[in-house]
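In what follows, a single structure is set out as structure tokens and then discussed.
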Amino acid sequence: MNSQQYNRANKRVFLAVIIVFAYIAFTLFAAVGTKDADITRISIQLVAAIAVIVIAVIAFITKRDSRTGALILVSAMTAGYFIIALINSTIGTWTYALPLVIAAMIYLDIKMMMVMNAVIIISSVIRLVMQLGIGGTVLQNDVIAVFVLVLVGYASDSITILLTHFFDENMEEIKESAMAQVDSNKKMVMVAENISKHFDEAMTMLNDLDESVAVSHSSIQEIADSTESTAEAIQKQATMCVDIQGNTDNAESGIKAMIDASRQTDETVKQGADVVEELKEQAHNVAEASNVTVSVIQSLTAKVEEVKSFVESIINISNQTNLLALNASIEAARAGEAGKGFAVVADEIRQLSEQTKDASANITEIINKLNEDTRRANESIENSVSSVEKQNELIDDTRDKFNAMGEAVELLMKDINVAEESIKKILDSTTVISDNITHLSATGEEVAASSTEGLRMADTTVESMAKCKKVLENIYMLADDLKNSVEESEEELSQKFDF
């Protein structure tokens, strides 16, 4: 349990302790004024009850957010009950233990529950041994007390063990799935970073290629304009053709490098898609684990309802005891003077029956509060399921982005192939131009036609380069969106599971 959970649990237990021991103190004050009251025994019980209340108040104020506060509260109320159970000789004292046991179940601490139940049962057994010489109704009541407290101890220990195992198993599974999802997120971030890295390399090569194509375009334009120039111009054009061939070779090398980079990007996108599928599966596992936890909380609610039914049985027993006390009073009245002592005992039994009913009502109130805490826990788990569903939406969005990136890469590869074909055609046209220049006097028209064709191819190449830049920019934006989405998902998981 964390500090917030201990705060809520200690608050419920503190209220139960204050109600029970304040009621005990009140009845003891009332008993002081009765005839034949044992002031010494009443004083010891009163001091014990007040001490428990004071310790509980101090522990709640100073340690309400920790397990130490829980241990102090449980130890104080157990010790107080032990003292009162051994000193108080009235019938029904054992009923004070019931709300305390039920309140302590909130902590789901099996060691704490076993120690507390053991102390309560031992005090009842000691009380039973002390009452063996009395017999009658008192002895019968103590036997019933031991039997009921043993059943309550067994039920509370069993429920605590079962719920503790359920919560530990399901929380561990949820945490493992969440950690696996975080690992998948880290892989996706790495994939996005690799895509960005390849983008930078591709943009560098594309800029170099763009510069080469621009030079080729300018040279071809000049060749087309100077076809009818003098021999000096022809010589210059021949030099330009050599430059064009060199630039075209560089452009072809750049195209091949871009093809390799595009293939690597395509493989990276496929790896990212696989990681998204893995992340989807992990999110599904988290959702299933959360659903199991919801089932466990529903089971806890059912168990609490069973305890509530058990408390109703105690109330019925109290009503029967009250009826027996009434019958005993009638019989004592019939007996006259000889039945006065028996009438006092019958009246005491009736009062204890009323006290049992009041204690049972307090138990019912605690059970209702426990039901409220269970409902809040269920709402918390449902919020976790909602977060997982939101995570699934982010995963689906990431998968769509990967698909868009894959399509963009395919389009980029097509444009690069077109650019490669254009470069080859430019190279062929440049070769034709170079050959025709040596026969310019006889093949002027062919040179002009080749120049025009080379110029057209250069324009096509420039357009292809512009498309490639746009596609690469889209890929970079998709990769950046993917990285941001994954980081948001990882941050949300870290906040929920405190990684």
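Just so you know, the numbers here start at 1 and follow the chain as drawn.
For all residues, glycine too, the Cβ spot is worked out from N, Cα and C.
In TrEMBL, annotation is done automatically, which means it is predicted and not curated.
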| Correct range for transmembrane segment (source TrEMBL, candidates 120-143, 144-167) | 144-167
| field | In contact by Cβ distance (the transmembrane segment (144-167), the transmembrane segment (12-33); 3 or more pairs under 8 Å) | value | no
| query | Any idea what the model's mean pLDDT is for the coiled coil (349-391)? | reply | 70
